[in-house]
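One structure below.
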Amino acid sequence: MNPQAKLISSISLFMGTIITISSNHWMMAWTGLEINTLAILPLISKSHHPRAVEAATKYFLVQATASTLLLFSSTINAWHTGQWDITQLTHPTACMLLTVAISMKLGLVPFHFWFPEVLQGASLLTSLLLATVMKLPPTTLLFLTSPSLNPTLLSTMAIASTALGGWMGLNQTQIRKILAFSSISHLGWMTIILIHNPKLTLITFYLYSLTTAAIFSILNTTNTLKLSTMMTSWTKIPSLTAVLMVVLLSLAGLPPLTGFLPKWLIIQELTKQELTVIATMIALLSLLGLFFYLRLAYCATITLPPNSTNHMKQWQINKSVDMPTTTLTTLSIMLLPLSPMILTTL
């Protein structure tokens with residue numbers, strides 16, 4: 001891809017995100033989302049592979065539909081209340097349409113079908129952007145409108161997302177698809193707590209993005225795309241592959257790693273709100289995700305490939321681990337002791 005074109009796309013992506021998360025007016029938020037969508041499309045289709053072009057087309061159609069619904073929702077609200085302020089969304093129909101629009105943009109169940117396919121068609125770094133940065137503007141809009149949204153609808157979609165993200169990830173062999181279903185599952189955790197404690201949703205999103213960025217950085221360094229290549233990737237940089245196992249367990253939410261913190265806080269908050277049944281359900285459904293994280297960790301560090309065929313060993317590539325990867329992996333493993341400081345922001 002042309003370096004100038006890549007620079008323009010990256011700057012537009014950054015600007016679109018900033019415009020949306022800093023706006024009070026619905027039209028400005030919509031404009032930022034549109035800039036985001038148009039900026040990421042060249043990055044998805046840059047390889048010109050048919051699968052990448054298909055992924056870009058699916059992404060464009062879904063995001064255009066979601067943006068139309070968001071604009072329709074804000075227009076209905078302005079028609080009935082005279083308010084274009086994002087925080088003044090009060091009309092029931094507008095609230096429902098907004099929930100559908102944001103769910104389509106995020107990939108929440110039942111509007112999740114596009115997300116694994118798009119991630120599978122994109123490169124690792126573009127998949128990282130789709131799974132983290134592109135979810136920040138819609139999550140911010142959910143945060144701003146959370147008092148107006150329907151709790152029953154959000155809870156239903158959250159539990160369905162956690163269940164389906166766990167179930168569908170069980171039989172996948174492509175790592176990008178596994179991480180896509182992992183993202184859908186984590187979105188369920190973020191949505192379930194949105195009504196009761198919106199700040200906790202943001203903290204969960206930030207920590208999820210941090211851990212996911214660490215995993216994608218490691219996969220990009222070792223050039224690993226599926227389970228079969230992951231089994232032989234340990235010979236490239238053994239120490240990094242060992243760290244990958246720990247980061248995967250952090251994403252699964254095991255103590256004493258960083259990923260345990262948001263799940264612990266969410267279950268604690270749901271229990272305080274006397275929603276023990278929902279807390280129990282979502283905790284049990286997260287065990288499905290734990291299975292495929294453990295399978296990834298097992299393939300990365302414990303499995304030895306069969307040596308019956310003659311093939312050249314990929315031994316110790318002279319490729320140094322860059323500073324961003326090192327920083328991300330450290331933060332995604334060791335932030336739990338900072339939980340008292342994080343709790344002061346809630």
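A Cβ is built for glycine as well, from the same backbone N, Cα and C atoms used for every other residue.
Noted in TrEMBL for the protein shown:
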type     : residues : note
DOMAIN   : 23-288   : domain 'NADH:quinone oxidoreductase/Mrp antiporter transmembrane'
TRANSMEM : 56-76    : transmembrane segment
TRANSMEM : 96-115   : transmembrane segment
TRANSMEM : 152-171  : transmembrane segment
TRANSMEM : 178-197  : transmembrane segment
TRANSMEM : 203-225  : transmembrane segment
TRANSMEM : 237-257  : transmembrane segment
TRANSMEM : 277-304  : transmembrane segment
DOMAIN   : 290-343  : domain 'NADH dehydrogenase subunit 2 C-terminal'
TRANSMEM : 325-343  : transmembrane segment
Can you give me the average pLDDT across the domain 'NADH dehydrogenase subunit 2 C-terminal' (290-343), rounded to a whole number? 75
Same-chain residues near the transmembrane segment (203-225), Cβ under 8 Å, at least 6 residues beyond its ends: 124-125, 127-128, 131-133, 135-136, 139, 174-176, 179, 182-183, 186, 189-190, 193, 233, 236-237, 240-241, 243-244, 247-248, 250-251, 258-259, 261-262, 265-266, 319, 321-322, 324-325, 328-329, 331-332, 335, 342, 345-346
Are there residues at least 6 beyond the ends of the transmembrane segment (96-115) whose Cβ is under 8 Å from a Cβ of it, and what are they? 33, 58-59, 62-63, 65-67, 69-70, 72-74, 76, 89, 130, 135, 137-139, 141-142, 145, 149-150, 153-154, 157-158, 160-161, 164-165, 180, 183-184, 187-188, 191
Can you tell me which of 56-76, 178-197, 325-343 gets the most C-beta pairs within less than 8 Å of the transmembrane segment (152-171)? 178-197
Among 56-76, 237-257, 277-304, 325-343, the stretch with the most Cβ pairs under 8 Å to the transmembrane segment (178-197) is 277-304
Run the contact check on the transmembrane segment (237-257) against the transmembrane segment (56-76): 3 or more C-beta pairs under 8 Å, excluding pairs closer than 6 in sequence. no
Sequence-distant contacts of the transmembrane segment (56-76), meaning Cβ under 8 Å and at least 6 residues beyond its ends, amount to 26-27, 29-30, 33-34, 37, 40-41, 44-45, 84, 89, 91, 93-95, 97-98, 100-102, 104-105, 111, 114, 117-118, 121, 130, 141
